Amino acid sequence: MTKVAVFGAGSWGTTFAMILAEAGNEVTLWGRRPDQAEVINRTHENPEYLPGVRLPSSLRATSDPERALHGAEFVVLCVPSQTLRHNLTAWREHIPPGAVLVNLMKGIELGTAKRMSEVIREVAGVPEERVAVVSGPNLAKEIAQRQPAATVVACTDESVAEKLQAVCHLPPWFRPYTNPDVVGVELGGAVKNVIALAVGVSAGMGMGDNVSAMLITRGLAEMQRLGVALGADPHTFAGLAGMGDLVATCNSPLSRNRTFGENLGRGMTLAEVVAATKQTAEGVKSCESVLALARKHDVEMPITEVVVGVVHDGMSPAEAGMLLMSRSPKPERYGV
Ligand SMILES: NC(=O)c1ccc[n+]([C@@H]2O[C@H](COP(=O)([O-])OP(=O)(O)OC[C@H]3O[C@@H](n4cnc5c(N)ncnc54)[C@H](O)[C@@H]3O)[C@@H](O)[C@H]2O)c1
Ligand SMILES: O=P(O)(O)OC[C@H](O)CO
């Protein structure tokens with residue numbers, strides 16, 4: 001039995017912990033509130049994030065990081081991206097030597113423009129072969145309701161990726177593929193949230209499927225351009241962690257990022273949308289760090305530019321649309 005600690009008892013952390021427990025691992029789920037851990041242990045439900053979903057009785061919850069980490073071979077991290085550095089700094093002294101740290105988060109750190117695996121390596125002081133990423137079209141609510149899903153497990157050490165793949169493989173429900181391209185898999189997850197905000201804004205403005213297809217396809221081009229500049233394999237973006245997640249997130253009413261954008265497109269103020277958003281919409285903060293990364297590497301990301309404009313700089317959705325549609329005409333494959 002493999003011992004796994006999952007940090008973050010929100011929608012995805014709880015769902016992934018459920019998959020791991022049902023796959024036969026010994027799983028401890030850490031949440032920051034003791035009352036939440038107590039409710040999970042007593043009722044086998046996480047009513048705040050996954051109401052009505054029965055969790056495996058073998059899944060234990062705790063708010064004590066040392067207890068969660070004791071003997072863990074895999075340490076899965078699933079807190080909001082902007083809180084990772086602070087949290088991991090507090091947890092690192094209890095991480096067992098040799099444990100593999102697994103990133104489930106889809107954000108880029110504000111201020112440093114670092115990917116989550118970079119933050120993990122830096123804070124925990126572990127080499128790249130001990131850091132893995134899991135990312136793909138994985139809307140937590142669908143998976144928690146036992147709809148089938150596939151994902152990508154990435155690690156530069158393919159034997160580590162294969163071990164993690166085996167640990168979270170749960171036929172016929174959850175199917176992980178491996179990929180050595182950590183940079184591409186991680187960027188796919190972060191950039192698709194920014195594009196989902198744009199698609200949401202257009203939907204909120206009453207635009208139809210041509211507009212969303214245009215944003216998804218040109219969003220993919222932005223994602224790939226940035227990825228290639230950062231050394232990713234361009235093929236990764238045609239896979240589950242690129243196109244797959246982009247399509248799922250941009251089209252789904254379950255997506256927090258798409259919904260956030262939709263509310264802005266309908267004319268709600270930023271403050272109203274923030275107040276209406278109860279869960280983590282990573283693109284709202286990460287659009288700024290994705291843009292910083294693009295500028296640092298001299299990569300053009302026009303959709304990301306206007307998303308930052310609308311979300312943070314008071315640009316109106318109509319103005320954003322005008323700016324995108326008034327750009328100079330180009331061949332489709334210009335700069336990818
Ligand atoms: N929900 C999904 O469908 C899904 C799927 C794949 C990946 N992800 C990614 O997983 C990550 C987590 O998302 P989620 O959906 O679980 O979010 P969520 O909003 O459902 O849950 C976030 C969890 O983090 C906790 N939290 C909030 N602030 C914290 C802090 N300062 N310190 C410690 N814990 C804190 C919350 O209490 C909650 O338990 C995000 O990066 C998201 O992009 C989500
Ligand atoms: O709800 P979102 O927008 O955070 O998207 C959830 C997942 O990342 C989809 O794969």
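For all residues, glycine too, the Cβ spot is worked out from N, Cα and C.
Record note: TrEMBL gives LYS106, GLY136, ASP245, SER255, ARG256, ASN257 as sn-glycerol 3-phosphate-binding, and the candidate from LYS3, LYS192, LYS330 in that site is LYS192. Ligand 1 lies under 6 Å from the Cβ of GLU282, out of the binding-site residues GLY136, ASP245, SER255, ASN257, GLU282. Between the alpha carbons (Cα) of ASN257 (sn-glycerol 3-phosphate binding site) and TYR49 (NADPH binding site) lies a span of roughly 16 Å. Sorting the domain 'Glycerol-3-phosphate dehydrogenase NAD-dependent C-terminal' (181-320) by DSSP state (H, G, I as helix; E, B as strand; all else coil) yields 107 helix, 0 strand, 33 coil. Cα to Cα, SER255 (sn-glycerol 3-phosphate binding site) and SER11 (NADPH binding site) are separated by 12 Å.
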